[in-house]
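Peer 1: First, the structure itself, so that you have it in front of you.
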């Protein structure tokens with residue numbers, strides 16, 4: 001029951017394109033992004049500090065850095081256009097800013113897929129108090 005409540009809380013914060021990111025992760029990895037990466041390590045989920053705990057957490061660190069470089073639109077709210085065939089994602093948009101958001105999400109989804117074997121349950125709902133190290137630059 002507690003897990004269902006936690007998942008409901010995580011879903012409340014999912015707006016705009018973040019649901020697109022969830023769907024993209026699902027298409028590329030076959031996993032729910034919210035369930036597997038909504039609160040993982042030091043960087044997956046809301047916020048981020050310290051050092052990435054493993055390659056899966058590093059995917060989120062790099063994704064955060066990618067979002068930090070986006071100018072002119074809001075990576076968490078603006079919608080983008082993409083298509084998928086099998087597990088391949090193609091970002092297609094006339095707007096360069098929203099295309100950039102899509103490319104950030106695509107890179108993260110592929111990173112999750114390529115690093116699924118590094119995922120460790122001990123980092124699921126990892127306490128942020130364990131993320132005390134000085135963060136590395138993007």
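Cβ coordinates come from backbone N, Cα and C, glycine included.
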Peer 1: Which of 54, 64 does Swiss-Prot put in the same Ca(2+) site as 43, 45, 47?
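Peer 2: Given 43, 45, 47 bind Ca(2+) in Swiss-Prot, the matching entry from 54, 64 is 64.
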Peer 1: Which one of these disulfide-bonded residues, 42, 65, 131, has the sparsest Cβ neighbourhood, judged by other Cβ atoms within 10 angstroms?
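Peer 2: 65, out of the disulfide-bonded residues 42, 65, 131, has the fewest neighbouring Cβ atoms within 10 Å.
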Peer 1: Looking at the recorded positions listed here (45, 47, 63, 64), whose Cα lies nearest to that of residue 104 (disulfide bond)?
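Peer 2: Sorting the recorded positions by distance from residue 104 (disulfide bond), the top entry is 63.
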Peer 1: Taking only the Cα atoms, work out how far residue 66 (disulfide bond) lies from residue 138 (disulfide bond), in Å, as a whole number.
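Peer 2: With distance taken Cα to Cα, residue 138 (disulfide bond) is 8 Å from residue 66 (disulfide bond).
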Peer 1: Distance check, please: Cα of residue 138 (disulfide bond) against Cα of residue 64 (Ca(2+) binding site), rounded to an integer number of angstrom.
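Peer 2: For residue 138 (disulfide bond) versus residue 64 (Ca(2+) binding site), the Cα atoms are 9 Å apart.
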